[in-house]
Amino acid sequence: SVGFKAGVKDYRLTYYTPDYETLATDILAAFRVTPQPGVPPEEAGAAVAAESSTGTWTTVWTDGLTSLDRYKGRCYHIEPVPGEENQYIAYVAYPLDLFEEGSVTNMFTSIVGNVFGFKALRALRLEDLRIPPAYSKTFQGPPHGIQVERDKLNKYGRPLLGCTIKPKLGLSAKNYGRAVYECLRGGLDFTKDDENVNSQPFMRWRDRFLFCAEALYKAQAETGEIKGHYLNATAGTSEEMLKRAACARELGVPIVMHDYLTGGFTANTSLAHYCRDNGLLLHIHRAMHAVIDRQRNHGIHFRVLAKALRMSGGDHIHSGTVVGKLEGERDVTLGFVDLLRDDFIEKDRSRGIYFTQDWVSMPGVLPVASGGIHVWHMPALTEIFGDDSVLQFG
């Protein structure tokens, strides 16, 4: 029963439930918790569960008007992180009804909205989420997916090759188009707008779209294969973004691009729906991801951002390169590359996968290896990423 004693109440009395059996419909989260000195890990884990679901800092009479048992998040398991002092993995189960269907925005607002500024925690990181089919089925997911993309491009059995046009800022639209033509004519499948190329004074978006489309069709005619240029539709408003996507559709180009973290999940999901309805592929750049995922003990791991993107919608997403980094990085990167491409991914802690994830029939996303790679990296990249990937040079 709800106690009405005045004052601050320990969260663990209500929200730490080690005997809880998780339901197939629960959304499960794994948090890396670093409590403040003197705060027991159970209290810290329960605080996260409470603050990201139904809890507040005291008992209020309106608690009696609803069923907390039905709606509260529960911290159901805590384990110390091996090799780290005062760090714990807290597992939290959220009832499905806490989340709006088909909204990545609402999912993140609930799970990571408030808790990260919490006084009882020194640091907090969301390491993984288990999205149940009951929830993932409320999302459209990628506009087309890997198989449909290959059919559209008529390119099979190999990674796709792309490059980013440089210098990324400062070229006129006509010279930019020239560079696109040379790259595509020379044998690349795709060229790419840089993520910062939107619509600046030296090159307005419509001029760029026209010259790139011209370059594309010329290269297609001369090579006899289908070519693409990721036209960056990211804009200051969602309406402007959709206007740019509509212009790309009218030009008949195969693919547009979006910066999904700076643009936001709501805008991204709208664009993904537009792309499916209008036969456009959607390339996703992850500008700003390191702000969120770089710290080991605070923020959100990229595998969560990647899962969220698969739900929100995108056909390609940048996912790091692995080349030249540590071995451990390689396994972790391959873990979230599998989460992007495969239907069913087994729990595997060595690859950072905390939960078994079943996507059922949601289309896959092509991982894009991009950032500081050159031709000598090719053998390593093809071995790491396999056929279903985009190797993006420049």
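Residue numbering: from 1, along the chain as shown.
Glycine residues also receive a Cβ, built from the backbone N, Cα and C atoms like all the rest.
Substrate binding, as stated in Swiss-Prot, involves ASN114, THR164, LYS168, ARG286, SER370; the candidate among HIS77, HIS316, HIS318 given for that site is HIS318. Counting only the Cα atoms, the space from HIS318 (substrate binding site) to HIS285 (active site, proton acceptor) is about 6 angstrom.
Largest Cα-to-Cα span within the substrate-binding set ASN114, THR164, LYS168, ARG286, HIS318, SER370: 37 Å. In this structure, the CA atom of SER370 (substrate binding site) is 11 Å away from the CA atom of LYS192 (N6-carboxylysine). The Cβ of LYS166 (active site, proton acceptor) lies under 8 Å from the Cβ of ASP194, GLY394, each on the same chain and at least six residues away in sequence. Within 10 Å of LYS192 (N6-carboxylysine), counting C-alpha to C-alpha distances, fall the following of the binding-site residues ASN114, THR164, ARG286: THR164.
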